[in-house]
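As structure tokens, the structure follows; a few thoughts come after it.
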Amino acid sequence: MEKKVALRLALVLMASYVAYATDPTQLQDFCVGINNPIDGVFVNGLFCKNPIQATPNDFLFKRLNIPGNTNNKQGSNVTLVSAANLPGLNTLGISLARIDFAPYGLIPPHTHPRATEIFTVLEGTLYVGFVTSNLPNGKNQLFSVVLNPGDVFVFPQGLIHFQFNIGKTPAVAIASLSSQNPGVITIANAVFGSTPPISIDVLTKAFQVDKNVIQYLEAQFSSGNNY
């Protein structure tokens, strides 16, 4: 009996070790190692202020009630509240965004590589959805709904998702994200507007279209001409 108890205890301790012996989640796409700390200018997060010198303003962000400018191609605007403009968020693992939509405005398909997003509609009617990674049947399933004021929808971390105002009036939503630096990859911009551009041979084969189509799409998302 004592041997069984000891064995179970050992297994629990091993599981606990495995659970805690992991690296912290990255807060950027990559962090190239260097040998000389003097040359280092980035850390995984931000440098910390001496807590004795902290003030209430370090934990305060104002003006989120002000609508963002939606006068652009997509008809939308994101006002992000992160550790960059609310220093007290540093290391807390969360951020927030106000999203404004003009009538028929769109947040185009994109992903957040480091965060799950909880999306709450305050005004307007939005069609939203996300697409799964490859399922066992080889397909990518779309989960989409129409949201009204007070509705909440979640977009799992890393999955492609979108939000579209299907109403004739402006819409407003709040997005909560599970990282102080969630990152964003807008699919069309990344594929057709990268610097330097992806080889046209790669894109024509990947999308199974003529080169003229790819060149047209690249012209829409070239530097200075994207969202």
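Here, residue 1 is simply the first one shown, and the rest follow in order.
Each residue, glycine too, has its Cβ placed from N, Cα and C.
Unlike curated records, TrEMBL annotations are generated automatically.
Annotated features in TrEMBL:
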| type | residues | note |
| --- | --- | --- |
| SIGNAL | 1-21 | signal peptide |
| DISULFID | Cys31-Cys48 | disulfide bond |
| DOMAIN | 62-215 | domain 'Cupin type-1' |
| BINDING | His110, His112, Glu117, His161 | Mn(2+) binding site |
| BINDING | His112, Glu117 | oxalate binding site |
Predicted model, mean pLDDT over the domain 'Cupin type-1' (62-215): 96
Nearest-integer angstrom distance between the alpha carbons (Cα) of Glu117 (Mn(2+) binding site) and Cys48 (disulfide bond): 26
Around the Cβ of His110 (Mn(2+) binding site), other Cβ atoms found within 10 Å total 19
Taking the center of the Cβ atoms of His110, His112, Glu117, His161 at the recorded Mn(2+) site, which other residues in this chain have a Cβ no more than 8 Å from that point? Thr111, Ala115, Phe130, Phe155, Leu159, Ile160, Pro182, Val184
Cα distance, Cys48 (disulfide bond) to His112 (Mn(2+) binding site), nearest Å? 25
Let me make sure I understand the structure: which of the recorded positions listed (Cys48, Glu117) has the fewest other Cβ atoms within 10 A of its Cβ? Cys48
For His161 (Mn(2+) binding site), what residues in its own chain, 6 or more apart in sequence, show a Cβ-Cβ distance under 8 Å? Pro109, His110, Thr111, Glu117, Val128, Gly129, Phe130, Val131, Phe155
